[in-house]
Amino acid sequence: TGAVFMFGKSHLAETLPNQFWVNNDKVVDISCGDQHTVLAAASGRVFVFGSNAHGQLGLGHSNTMSKPTCIKSLKGEKVKLVACGRSHTVFSTESGSVYSCGNNTEGQLGYKGSRDVLDPQQIKGLDQQQIKMLSCGTDHTVVLNEEGSVYVWGSGDDGKLGLGGEESCLGPTELKLDETVSCISCGYYHTALVTASGKLYTFGEMDDGKLGLERTVEEALKPEMVSIPEKVIQVSCGGSHTAVLTENGLVYTFGDGAHGQLGHGTHTLQSTSPLRLELDFKATSISCGENFTAIISDAGYLYTCGNGRHGRLAQGVDSYSNQFKPRRVDGFQNYLVHKV
């Protein structure tokens, strides 16, 4: 149907319904930052709402928006992908351009200058490249093009850019790898990628075991391979945990599980190595929030686990507690969930 559903606490949009549609324009991509949301519609229009203190909504001002609002300055472009960091946003268009706006204190927008950017500005160095995926961390950005090349920029603290050091990059810098990449994901302070052959690599801050490397160092400055027994097709990074999907529909998780986000029950509150979830279905997609995890099944059902505060797991108004194993969201039984 193209309907958009929202759940969890909102300080910003009390008048916003928990579901909405863009009239005659199906939503094709969606991303949430800490306190803002960005939607891309099939027409190429972009709608934004939420916190805008750093100009991350791209509306030319810094006023909070409580309703979905179209970014007029991008109307000349057809946006197909969006990604939100803590307080910055990145967009890619069908013409091969990449734009960004919001907080730029660490160069996470991909160009020089530390001031907030209120209108989307084009990033140089990525011209005419067809972009496959965008991902934003707290203060870094990673882009994957259709050829399987990866570009990184922003804060290099903890090695989360994977370039071998901790220096920041103010513009797109290619992350040289031995093979092409098929999937990328940024956590708050770590990064993960999947190669075309199905290998998983992680780098950045190692706290809580979220890199899955079973080593006792503080950080990984370059991509390091994680041992997964099956071919990996997707990875998603949370604030301090990571989830992995294999081609067989299996899900592995590792890192911090104090809120139940690993999905292995109350006996596993942390893991430095990947652990396979016990599921009675095949998974087709995964997505991690700061401290919760969402899984879509092959039947189109949504399952969630982790921190249930403020209803972010969508388990109903009477179930705001932490969920330590994936539980089906019954409110979506009459829908096929495509993206979360």
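Placement of Cβ uses the backbone N, Cα and C atoms for every residue, glycine included.
If you average pLDDT over the repeat 'RCC1' (2-43) in this model, you get 79. Residues or ranges marked as repeat 'RCC1' in TrEMBL: 2-43 (among others).
Residues or ranges marked as domain 'RCC1-like' by TrEMBL: 12-177.
Summarising the annotation, TrEMBL assigns repeat 'RCC1' to 44-95 (among others). For the repeat 'RCC1' (44-95), the DSSP-based tally of helix, strand and coil residues reads 3 helix, 23 strand, 26 coil.
Residues annotated as repeat 'RCC1' in TrEMBL: 96-147 (among others).
Residues or ranges marked as repeat 'RCC1' in TrEMBL: 148-197 (among others).
Taken from TrEMBL, the feature repeat 'RCC1' covers 198-248 (among others).
Positions annotated as repeat 'RCC1' by TrEMBL: 249-299 (among others).
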Residues in the repeat 'RCC1' (148-197) grouped by DSSP into helix, strand and remaining coil: 3 helix, 24 strand, 23 coil
